[in-house]
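Undergrad: My structure is below; once you've seen it, I'll send some questions.
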Amino acid sequence: MGLIYTLRALIKSFLVVVLWSKCEGRESEYNYVTCGSLVKLLNTRHNVRLHSHDVKYGSGSGQQSVTGVESADDANSYWRIRGKPNGTCQRGVPIQCGQAIRITHMTTGRNLHTHHFSSPLSNNQEVSAFGENGEGDDLDVWRVQCDGSIWERDEAVRFKHVGTDAFLSVTGEQYGNPIRGQREVHGMGTANQNNYWKAMEGVFILPSQEPLRHHHEEL
């Protein structure tokens with residue numbers, strides 16, 4: 001089911017897309033993150049990208065683990081920006097600062113999630129990937145915090161969890177095997193430099209019926 005979800009999502013993505021890298025000309029007008037975009041999110045303090053994989057936590061919830069990785073080339077670091085359950089998020093429409101969204105892992109179809117379990121390394125709040133085929137529960141919802149009115153693609157933003165008020169964060173703790181060297185991602189109750197994220201590589205959906213396409217080796 002996860003493979004079917006991924007293939008379906010990719011096919012939809014390529015209907016109307018613009019890629020982040022090597023954008024020129026008209027694409028420069030679209031300097032914001034939009035609903036339906038497929039992105040990698042970089043923690044700007046620790047220089048790691050938000051990542052997941054079909055590896056479960058050995059403690060806490062036992063759900064799919066979420067980590068930070070230094071590599072920019074790992075396909076398991078792509079996340080889709082979606083609306084909250086039963087909410088309106090029209091494909092290609094810019095994400096507003098303060099908007100509630102879901103962040104769905106491309107490869108496994110599970111949503112970025114947090115809850116009142118302790119994270120395994122730092123004893124902050126565990127962050128996991130939860131649900132099936134993009135559908136989980138109310139604890140999958142995050143609010144985008146940014147300075148202006150729209151989430152700009154070159155802006156560092158925060159993600160504040162709607163259900164628990166925790167900020168998506170990295171403070172540098174590293175795992176051992178089987179995910180040696182990957183960083184712990186967790187929720188923190190305070191806003192600080194550890195919870196800034198920036199959209200990097202990806203497929204950005206345009207608010208237009210005219211497809212703008214660029215080659216991207218990973219996709």
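Even glycines carry a Cβ here, placed using N, Cα and C.
Sharing the features that TrEMBL gives for it:
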{"type": "DOMAIN", "residues": "30-84", "note": "domain 'MIR'"}
{"type": "DOMAIN", "residues": "92-147", "note": "domain 'MIR'"}
{"type": "DOMAIN", "residues": "148-202", "note": "domain 'MIR'"}
{"type": "SIGNAL", "residues": "1-25", "note": "signal peptide"}
Undergrad: Restricting to the domain 'MIR' (148-202), what is the model's mean pLDDT?
TA: 96
Undergrad: Summarise the domain 'MIR' (30-84) by DSSP state, stating how many residues are helix, strand and coil.
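TA: Helix/strand/coil tally for the domain 'MIR' (30-84): 3 helix, 28 strand, 24 coil.
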